[in-house]
Amino acid sequence: MDVTIQHPWFKRALGPFYHNRLFDQFFGEGLFEYDLLPFQSLFRTVLDSGISEVRSDRDQFLILLDHFSPEDLTVKVLDDFVEIHGKHNERQDDHGYISREFHRRYRLPSNVDKSALSCSLSADGMLTFCGPKVQSGMDASHSERAIPVSREEKASSAPNS
């Protein structure tokens, strides 16, 4: 199959609807023909893409990530940031060896209680990082601290937005 190279300007016209598997959690697993067709990606869901979701409402701050196991993840809070590091060890597949690693950093809102942060992983691999919000006058200390990832026995029930 011949593949033409598109100038980035043409992809911009589709904006957030243009999904590229090269930049999601499936990186390193190979591309399918439909990944090279821009309009095919319009029909894929966000949950299928491995893209993280950040929610912040009046009561809590929430980060949702998927496709992980607890052994792959390290979660820590450093000052006003949550750092999530994941590493899949090298394994062999039909085409050679695959090794994946990622590092994501999210800024915490200033009114999140850093001493009450929690992190859990559902049975279907959905990581949920949650922190309650406090009144604006209260401020937690600024230091580095690891957040343990607890494992849930049931699948996630995170609603789609």
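Using N, Cα and C of the backbone, Cβ positions are placed for all residues, glycine too.
What Swiss-Prot lists as Zn(2+) 1 binding site is His88, Glu90, and the listing cites similarity to another entry. In sequence order, Asp72, Ile98, Ser99, Arg100, Glu101 make up the list of same-chain residues 6 or more apart from His88 (Zn(2+) 1 binding site) whose Cβ falls under 8 Å from its Cβ.
Per Swiss-Prot, Zn(2+) 3 binding site is recorded for His142, and the stated evidence type is similarity to another entry.
Residues of the same chain lying 6 or more positions beyond the ends of the compositional bias 'Basic and acidic residues' (141-155) and with a Cβ under 8 Å from any Cβ of it are 70, 73-80, 82, 114-115, 117-124, 126-127, 129. Taken from Swiss-Prot, the feature compositional bias 'Basic and acidic residues' covers 141-155.
For Ser150 (O-linked glycosylation site), the count of additional Cβ atoms within 10 Å of its Cβ stands at 11 [all protein chains shown]. Look at Swiss-Prot and you will find Ser150 tagged as O-linked glycosylation site.
Feature annotation from Swiss-Prot assigns deamidated glutamine to Gln6 (among others); the stated evidence is similarity to another entry.
Annotation comment: Swiss-Prot describes Gln40 (among others) as deamidated glutamine, evidence class similarity to another entry.
In the three-state DSSP scheme, Asn89 (deamidated asparagine) falls into the strand class. Long-range neighbours of Asn89 (deamidated asparagine) (same chain, six or more residues apart, CB within less than 8 Å of its CB): Ser99. According to Swiss-Prot, the deamidated asparagine annotation covers Asn89 (among others).
Sequence annotations record features per position, and here Swiss-Prot assigns phosphoserine to Ser110 based on similarity to another entry.
What Swiss-Prot lists as deamidated asparagine is Asn111 (among others). The Cβ neighbour count for Asn111 (deamidated asparagine), using a 10 Å radius and every protein chain shown, is 17.
Under DSSP, Gln135 (deamidated glutamine) is assigned to coil, being neither helix nor strand in the three-state scheme. Residues annotated as deamidated glutamine in Swiss-Prot, with similarity to another entry given as evidence: Gln135 (among others).
What Swiss-Prot lists as region 'Required for complex formation with BFSP1 and BFSP2' is 1-53, and the listing cites similarity to another entry.
Taken from Swiss-Prot, the feature region 'Disordered' covers 135-161.
Sequence-distant contacts of Gln135 (deamidated glutamine), defined as residues of its own chain at least six apart whose C-beta falls under 8 angstroms from its C-beta, comprise Asn111.
Every protein chain considered, the tally of other Cβ atoms within 10 Å of the Cβ of Ser110 (phosphoserine) stands at 11.
Using a 10 Å radius centred on the Cβ of Glu90 (Zn(2+) 1 binding site) and all shown protein chains, the other Cβ atoms total 9.
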